[in-house]
Amino acid sequence: MKKTMVMALVILLCGFAGPVLAQDKQIKAGFVYVGPVGDAGWTYAHDLGRLEMEKLPFVEPSTYIESVPEGAESARVINGLVRRGHNLILTTSFGYMDATIDVAKRNKDVIFMHCSGYKTAENVGTYFGRMYEPRYLSGIIAGKMTTKNIIGYVAAFPIPEVIRGINAFTLGVRSVNPEAQVRVVWTQTWFDPGVERDAADSLLDVGADVLAMHQDAPATLQAAEARGAYVIGYNSDMRHFAPNAFLTAPVWNWGALYTQLAEAVHNGTWKSEQIWWGVKDGLVGLADIHAKVPDDVKALVQERTAAIVAGTLHPFTGPLKDRDGHQVLGAGETMSDGEMLSMNFFVEGVQGTLSK
Amino acid sequence: MKLVIERRDTSSALLRFSAPMVSIVVALLFAGGLILAAGINPLDAYREILYEAVGSTYGLSETLVKATPLIFAGLGVSLAFRMQIWNIGAEGQIYMGAMGATWVALFSGLENHWLLMITMFCAAFICGGLWAGVAGVLRARWRVNEVIVTLMMNYIAILFVNYLIYGPWRDPQGFNFPLTAQFSEAARFANFFDTRLHSGFFLALFCALLLYLLMERTVWGYQIKVIGSNPQAARYAGMRTGVAIFAVLFLSGAIAGVAGLSEVAGLQYRLQHGISSGYGYTAIIIAWLARRSALGVIIVSLLMGILLVGGDSLQMLWQLPIAFVYAFQGLILFFLLGSDFFIQYRVKLIKGAQGG
């Protein structure tokens, strides 16, 4: 009788000990990439983050699968990673949203993190960065460096993320140069250097002397370098593609997030949430500003960066009007996260098309 | 010594069967060299590819899922090939079919499952058919080259679907992302064996059977072959070639359109980017390799499914770059297409032949 009691106690204790042990779990991470790791942009930046995460002692060598088509096809790849024993899976493009949720439903013991989407589940969190903050800061530099007051913007798809970036950039430009216009060309692709190059050239043809871009490849930088214009990169520090034209770039530092994420999963403190980190958290920032940018401009950028970190400056603060002159925010109002995440209008100063 | 290439009058059944086999073996040897150069034992790699694609219920189901749109599109393209009509537009027809099915699923107000299924099928069939039918009318009436028309209409179809998902059809709850709302349960295909295998696969097999009967057992099928091989003789025999050209292109596009239905109702449950990752173009290779036979289309599509699904394992297990996977798949196709040449032509060395 006593023996069975003891046995029961032991079993009970083991039952409790189980999850405690599981909290210190080894992490085997799998990454699903939308482009090739050699794109020098979006996927490259994620891969740098992956490598940084791997340095943690409890993280086993991770796996990545590159150039995975968005949509239903990605479910197979995500499932393949689960089947090969990965317990933390990161899907790094919006188009993987449905597939991530679908695979997660069937694999409750695996943790999924989906970048840039809006669907969560018990074992699926989302993560993204407030890239609009460094976009705004880079806009200040563009606004100061343009002499023709025409700035070109090579943009991928008219989705909220990209629109938010264009608007924040334009607000940065106009905060120092109210005369300047930002002209947008859509490429309808994340990664197609040929198309991106054509779009950049068309903007230079209409007189733009500073280019910015939201693409995964550095083709816009190469176009600016060839034509003697200035350029602002994106994703990663791309200055070696345009040593003379490069001013700065809003960049991702995924390592900051990935290491914390791995620690949370390792410690058992991970919970499903929607992470949206900014400059303050070190996830996004500006690449080193080129020496040719005057010191007073650098000082201004530094000052505003500090204000963003301190929470006293929000790029989307009223009074704010859209392109057609309608008031979006009254004086002193700031935009909510929900409004920013579904943004579908251009602010004053942007020239481009947007379907309603 | 002189190398002479001459057309074979006939090719023996043995040659027609053995040439593709030999070419696969040669391709595997060549690709094996590539794999060996990457520091991997080719036999291990081939075993993994096979295991990934057919080694488990899951792998097999994914291979069938992958083969499904290829069978539909391959059947459509090969039907037109029978008549020496080159339908390069299956990609666009897939998009139009997906669009038609989506319209019914989201906006028809129907709620009954079978009624929805039948109406969605008809919508996809007609949309895909009419899209290709345009090229049919142009060809039959004004002898406009259908290669150009069908190819160019791909871009129109894809951009039109883009317009819909960015504009009028955008999900109101989707944070302005370019997605339609998700289909209701009633508008989805059934799934089997707790995998992603859906009714679309069986519909594709049924479609192949119907097409076989049509081509081999009806007068109309016979007429198509006659018109294809000798239009003058056909016209002399009183066949209405114009009507036949339109009908064949319509049917060809309609079947490709059903591939679009199968993708949205069987896998994606909504219209979005990447409904087809180039299935319409792969279908051209499939129709060619299958020598326009319905059974051949099924076999080649399955092989292609194995190649595409199995290719995942090269990345997942050995972290080979995606470019390597593409190169591997390309090599296999190159040799298969090459074998076609040796079936139709004979290469001879002639001793002491005079030039000219």
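Any Cβ shown, glycine's included, is placed from N, Cα and C.
Taken from TrEMBL, the feature transmembrane segment applies to B:21-43, B:63-81, B:93-110, B:116-138, B:147-166, B:197-215, B:236-259, B:271-290, B:297-318, B:324-343.
Under 8 Å from some Cβ of the transmembrane segment (B:147-166) lie the Cβ atoms of residues 86-89, 91-93, 95-96, 98-99, 131-132, 134-135, 138-139, 178-180, 271-273, 275, 280, all in the same chain and six or more residues away from its ends. Of the recorded ranges B:93-110, B:197-215, B:324-343, the transmembrane segment (B:236-259) has the largest number of C-beta contacts under 8 angstroms with B:93-110.
The transmembrane segment (B:63-81) is not in contact with the transmembrane segment (B:324-343), judged by fewer than 3 CB-CB distances under 8 Å for residue pairs 6 or more apart in sequence. Cβ atoms under 8 Å from those of the transmembrane segment (B:116-138) belong to residues 76, 87, 89, 92-94, 96-101, 103-105, 108, 110, 144, 146, 149-150, 153, 157, 186-187, 189, 245-258, 260-261, 265 of the same chain, restricted to positions at least 6 beyond its ends. A contact between the transmembrane segment (B:324-343) and the transmembrane segment (B:271-290) is present, since 3 or more of their C-beta pairs, 6 or more residues apart, lie under 8 Å. Long-range neighbours of the transmembrane segment (B:93-110) within the same chain, counting only residues 6 or more positions beyond its ends whose Cβ lies under 8 Å from a Cβ of the stretch, are 69, 73, 76, 116, 119-121, 123-132, 154, 157-158, 160-161, 164, 169, 180-181, 183-184, 186-187, 252-254, 256-261, 263-265, 270-271, 275-276, 279-280.
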